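Quick look at what Swiss-Prot annotates:
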- C64-C103: disulfide bond (DISULFID)
- C76-C116: disulfide bond (DISULFID)
- C102-C107: disulfide bond (DISULFID)
- 57-83: region 'B' (REGION)
- 84-96: region 'C' (REGION)
- 97-117: region 'A' (REGION)
- 118-123: region 'D' (REGION)
- 1-56: signal peptide (SIGNAL)
- R79: site 'Important for interaction with integrin' (SITE)
- R89: site 'Important for interaction with integrin' (SITE)
- R92: site 'Important for interaction with integrin' (SITE)
- R93: site 'Important for interaction with integrin' (SITE)
Amino acid sequence: MEQLSCKHRSSSMEAEAQLCRQTESRSTQLPRMSVMRHLFLLSITFLVYTLDSAKAYRPTETLCGGELVDTLQFVCGDRGFYFSTNNGRSNRRSNRGIVEECCFRSCDLELLETYCAKPSKNERDVSTAPATAIPPMNKQDLYHKHHHTKSSKYDIWQRKSIHRLRRGVPAIVRARQYRLLMQKAEESEQALLHRPLTTLPITRPLHLQQTSEPSHN
């Protein structure tokens, strides 16, 4: 009987020891998990802070000389552009030209679009005016008019813009090109989705043509 009681006591002691070990292991795991969570949150906040600081202090893009002219020509297109006046800015910056702002400060797409020329009223009235209001011009008049026009230095830069564009397109223009390509891709996908499932035949079937011929005869 004494041996059985001793064995029972020893088994109960072992069970208590195992319970103590389990509780100790759980108590040590909880602070470890909390420390890992704190480290993870700190790393995320540090990454967000570094990304924001990089965006805030990143170097601004500048354009000068031929690259500025090529970019203006690409952005404005057929409208043309001017260098001195700027209708979209405040009076403080109205005296500055596009060269001073884009070459020495910073240049973005919105600033370039403000220097695009607007179509004049005369060009708009030509499309609505009747044909009799415009007198016909002879070939000699056209030749003399073309001969007397003077080309400025900006026109010469525009003619030579193809050679300068080979050096690379600025990031502002690349972003606009990518946006236009994405719009074209979306339009093509919508056209494919809205395509009709069935198309009606243009010509009549053969049996209808054969039946219509003897009726005419």
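Glycine too: its Cβ is placed from the backbone N, Cα and C atoms.
The recorded positions listed here (C76, R79, C116) include no residue with a Cα within 10 A of the Cα of C102 (disulfide bond). The sparsest Cβ neighbourhood within 10 Å, among the listed disulfide-bonded residues (C64, C102, C103, C107, C116), is found at C64. Across the region 'B' (57-83), DSSP classifies residues as 15 helix, 1 strand, 11 coil. Reported as a whole number, the C-alpha separation between C76 (disulfide bond) and C64 (disulfide bond) equals 17 Å. Here the C-alpha separation of C64 (disulfide bond) and C107 (disulfide bond) works out to 10 Å. Cβ neighbour counts within 10 Å, taken over all protein chains shown, single out C76 as the most crowded of the recorded positions C76, R79. Between the C-alpha atoms of R79 (site 'Important for interaction with integrin') and C116 (disulfide bond), the distance comes to 7 Å. In this structure, the CA atom of C116 (disulfide bond) is 14 Å away from the CA atom of C107 (disulfide bond). When pLDDT values are averaged over the region 'D' (118-123), the model yields 60.
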